[in-house]
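Asker: The feature region 'Disordered' is assigned by TrEMBL to A:1-30. TrEMBL lists A:38-67, A:101-122, A:134-152, A:183-207, A:228-253, A:259-281, A:293-314 with the feature transmembrane segment. Marked as domain 'ABC transmembrane type-1' by TrEMBL: A:97-311.
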Amino acid sequence: MSSTLDVSSRARSHDEAPRGAGQPVPRARRKKKDSGRYVAYLFLAPWFIGLLLITAGPIAASAYLAFTDYSLIGSPEWTGLDNFRRMFDDPRFYQSLKVTFIYVGVSVPLQLAFALFLAMILDRGLRGLALYRSIYYLPSLIGGSVAIAILWRQIFGAEGLLNGVLRFLGADNPPGWVSDPSYALGTLIILNVWTFGAPMVIFLAGLRQIPTMYYEAASLDGAGKVRQFLKVTLPLLSPIIFFNLVLQIIHAFQSFTQAFIVSGGTGGPADSTLFYTLYLYQRGFGNFDMGYASALAWVLLLIVGGLTAVNFIASKYWVFYGD
Amino acid sequence: MATDLTVAEPLAATEKLPARRQKKQRPRWLAHTVLILGAVLMLYPLLWMISSSFKFTEDIFSQTGLVPERVTGQNYPDGWTALPHDFGHYILNSTVIVAGSIIGNLLACSLAAYAFARLEFRFKKFWFAVMLGTMMLPIHVVIVPQYILFQQLDWINTYWPLIVPKLLATDGFFVFLMVQFIRGIPKELDEAARIDGCGHWSIFWRIIIPLSVPALATTAIFTFIWTWNDFFSQLIFLTDPDMYTVPVALRTFVDATSQTPWGPVFAMSIVALAPVFGFFLAGQRYLVRGIATTGLK
């Protein structure tokens with residue numbers, strides 16, 4: 001991630017500054033550094049233990065479990081590639097992939113488009129910016145909660161707020177959105193788009209950093225608003241667009257609560273909201289098919305990791321890092 | 001990249017700045033109109049839910065407006081007692097987990113962050129990259145082995161699976177946030193303290209921690225909101241109704257009954273969201289800084 005690169009280089013320059021100034025390294029400093037090395041592990045001890053037991057260990061364990069049959073009773077039984085073979089013949093696996101890709105592919109670009117659009121309006125130095133920013137940001141904080149998912153279930157239900165409004169406007173027989181396989185996923189996409197506030201705040205911070213003189217120079221050269229947007233704003237904002245894109249894709253892949261609550265845990269109607277994570281949950285904690293769930297988990301890891309890698313590679317062609 | 005702390009400054013300064021690019025702008029009222037319409041559209045579902053929690057259930061569908069025609073307060077006591085336990089019981093469970101998570105994140109993440117920001121150790125860059133990698137890791141990838149581990153320890157249906165990981169600094173986001181913040185604290189302060197005879201431990205406690213209060217506040221507020229809203233891990237680790245937290249209990253509302261009692265359900269949803277609104281209003285400054293720093297939600 002670009003931000004990290006930046007961070008580490010800054011850290012390095014910090015550390016080297018005194019030495020670069022040509023001062024001899026005093027003995028006290030050297031000693032201190034040695035004790036620092038030892039002390040560092042004390043400070044890091046909780047983190048290292050957490051990495052071992054909660055993060056890295058489980059990743060390795062699920063790599064092993066993915067090749068076994070295990071239902072929490074007895075011990076895991078090695079079955080080789082069976083889980084992966086089953087996966088290739090599993091229509092619900094394909095369905096969950098399809099649902100998740102549609103969800104991510106439609107909601108993330110829409111979410112970022114809204115975020116950028118509103119950030120640009122807010123960047124004009126309007127009064128009440130703080131208030132607007134708060135209002136638009138609020139849904140991001142609660143969008144993943146059960147309470148909001150329940151609200152969504154009502155709003156888009158057959159007897160819901162949306163249909164109340166539609167009937168009032170004269171629609172005869174509006175569908176029950178969450179109970180109709182052709183619309184259910186759409187309601188979840190809307191929910192994710194609704195949480196565009198978080199990327200918006202990041203865009204806003206980025207827009208404030210574009211020097212005004214670029215716009216002045218562009219308009220002196222006769223560039224209109226559209227051209228200024230395409231030739232100044234977009235390139236200078238591209239690192240932030242990239243940052244938001246990577247984060248929101250990863251985030252969207254992990255959506256679970258919305259689909260679980262809206263479909264009552266089934267991923268229905270007709271598996272139309274069967275998010276990948278929901279399917280994984282059903283196999284692992286509904287059927288206690290821990291081996292298969294681990295295989296699914298690893299495929300998820302590979303997909304998210306692969307997409308992130310593709311994003312980083314593609315970014316070389318469109319992200320502009322200045323000089 | 002604008003993801004370090006410096007962005008907090010222009011953000012904070014935005015209100016005071018006069019419009020930078022004034023000439024040839026469309027009139028401001030147009031922008032305000034778009035923004036206000038957008039805000040109403042965004043908030044309408046929430047406002048409608050608040051209003052509906054004071055309506056009779058049979059009125060909720062037919063009234064799409066915000067002002068109830070018949071007002072009732074009965075949904076709140078009804079919802080509070082509708083499940084096997086009083087709703088207060090679930091709030092208490094959630095509170096214990098949230099409190100433990102906040103303490104854990106504040107302690108463990110700032111300790112790790114101090115090491116990454118100020119100390120030298122072998123393969124520091126590698127470990128830092130690993131830490132950033134864990135930020136990206138979907139919890140679903142590790143949940144199965146974690147469940148097996150906690151089950152071996154007999155921790156299912158206790159608070160531990162939800163608190164202990166926080167005590168072990170597994171929330172990389174907050175480590176990253178604290179690292180960024182500590183790097184912004186002048187090193188001269190450490191040096192001065194060292195000359196006065198302070199070791200790393202007292203530099204950490206007496207210099208870094210007091211100066212990191214804004215980052216600690218951001219960490220505490222985000223930990224509160226995320227843990228309070230968290231559903232996935234609580235659903236998995238807490239299956240005994242005695243141990244249900246607010247989100248897990250709320251879910252049984254819409255699952256158990258075929259005909260959802262919307263009035264009481266909305267009332268309890270508001271109860272569930274209220275603390276988040278409260279923290280949001282109280283801690284906005286820290287929240288905005290937090291997202292601007294790390295891009296979190």
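Cβ atoms are placed via backbone N, Cα and C, with glycine included.
TrEMBL labels come from automatic prediction, so no person has curated them.
Have a look at these and tell me how they're positioned relative to everything else.
Answerer: Listed by sequence, the residues of this chain that lie at least six past the ends of the transmembrane segment (A:38-67) yet keep a Cβ under 8 A from its Cβ atoms are 76, 78-84, 290-291, 294-295, 297-298, 301.
Sequence-distant neighbours of the transmembrane segment (A:101-122) (same chain, 6+ residues past either end, Cβ-Cβ under 8 Å): 129, 132-133, 136, 185, 188-189, 192-193, 195-204, 207, 229, 233, 237, 241, 244-245, 248-249, 252-253, 255, 275.
Packing against the transmembrane segment (A:183-207) from elsewhere in the chain are residues 99, 102-103, 106-108, 110-112, 114-116, 118-120, 122-123, 133, 136-140, 143-144, 148-149, 152, 156, 175, 177, 233, 237, 239-241, 243-244, 247-248, 252, 255, 258-259, 262-263, 268-269, 272-273: each is 6 or more residues past its ends and has a CB under 8 Å from a CB in it.
Taking Cβ pairs closer than 8 Å, the transmembrane segment (A:228-253) reaches residues 1-3, 100, 103-104, 107-108, 111-112, 115-116, 120, 192, 199, 202-203, 205-207, 210, 214-215, 218-219, 276-277, 300, 303-304, 307-308, 311-312, 315, 318-322 in its own chain, all 6 or more past its ends.
Within the chain, the transmembrane segment (A:293-314) has long-range Cβ neighbours (under 8 A, six or more residues past its boundaries) at 59, 62-63, 65-68, 83-84, 87, 93, 242, 245-246, 249-250, 253, 276-277, 279-280, 283-285.
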Asker: Same-chain Cβ contacts of the transmembrane segment (A:259-281) under 8 Å, 6 or more residues past its ends?
Answerer: 92-93, 95-97, 99-100, 103, 146, 149-150, 152-153, 156, 178-182, 184-185, 187-188, 253, 293, 296-297, 300
